[in-house]
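Colleague: The structure that follows is given in the form of structure tokens.
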């Protein structure tokens with residue numbers, strides 16, 4: 001029985017060698033999950049992977065179209081851009097394909113890269129591990145002083161818990177809705193969280209962070225809140241009205257000044273003629289009065 005098991009193990013190892021599968025292994029009792037990246041001439045390939053909890057991942061990398069198809073090329077692994085110690089190995093040519101894989105125990109988020117190196121060329125595939133992204137509000141939410149507003153965040157997979165923070169400059173302040181019940185109300189529906197902010201003031205405006213907490217790490221989104229006074233919407237109309245008043249005032253002043261100039265011009269043009277006419281009229285009147293006096297004197301004689 002032992003000899004049978006030994007032969008089976010030998011056959012398995014020979015099969016792996018024939019396929020050119022070189023493995024960097026880290027023991028783990030977590031469930032394995034296999035991801036494969038194929039590099040066909042590109043210098044780099046990026047594979048994005050979402051995870052929620054610590055687990056084991058098997059990353060397999062394959063490249064083809066290597067010039068001159070050497071019997072083997074160099075391969076090694078990097079984590080977050082730094083080479084993993086003792087991971088460099090020779091990757092065998094199997095029908096023009098070069099394949100090697102690595103098994104890693106994921107206790108935190110990060111990037112894992114497999115690197116092929118040959119003839120001063122480098123090809124790389126990067127597996128980007130991250131938690132699911134939160135969907136927040138694309139545009140700022142606008143509300144008014146004294147009102148209440150609901151801030152909402154949503155994610156694809158329900159987290160262990162949700163947390164909310166208020167950003168103050170470079171710091172963030174944890175919002176404890178169970179303590180400050182007169183100000184906040186928190187509602188959680190598996191993959192959706194809603195934070196109600198009541199009795200709004202100007203100080204409530206700003207950025208709010210919603211955090212979905214998973215075993216592997218948190219995912220964060222944000223919601224922007226703007227708090228306005230009730231007179232705020234009237235400001236554009238008041239500004240327009242003020243501009244209209246100024247414009248009308250300028251038009252009236254211009255019309256008045258133009259009329260005044262026109263009258264002065266007419267007076268200047270008609271002045272000498274009017275004066276001459278007035279003088280002639282006065283002389284005629286004086287002449288008539290003189291003639292009448294003469295006649296009266298003759299009669300008296």
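Just so you know, glycine gets a Cβ as well, placed from its N, Cα and C.
These numbers come from a predicted model, not from an experiment.
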Colleague: Please find, within the list 236-254, 255-273, 274-292, the residue stretch that TrEMBL describes as transmembrane segment.
Modeller: 236-254
Colleague: For the domain 'Ig-like' (59-130), what is the mean per-residue pLDDT, to the nearest integer?
Modeller: 93
Colleague: Quick one: DSSP breakdown of the domain 'Ig-like' (59-130) into helix, strand and coil?
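Modeller: Helix, strand, coil within the domain 'Ig-like' (59-130): 0 helix, 50 strand, 22 coil.
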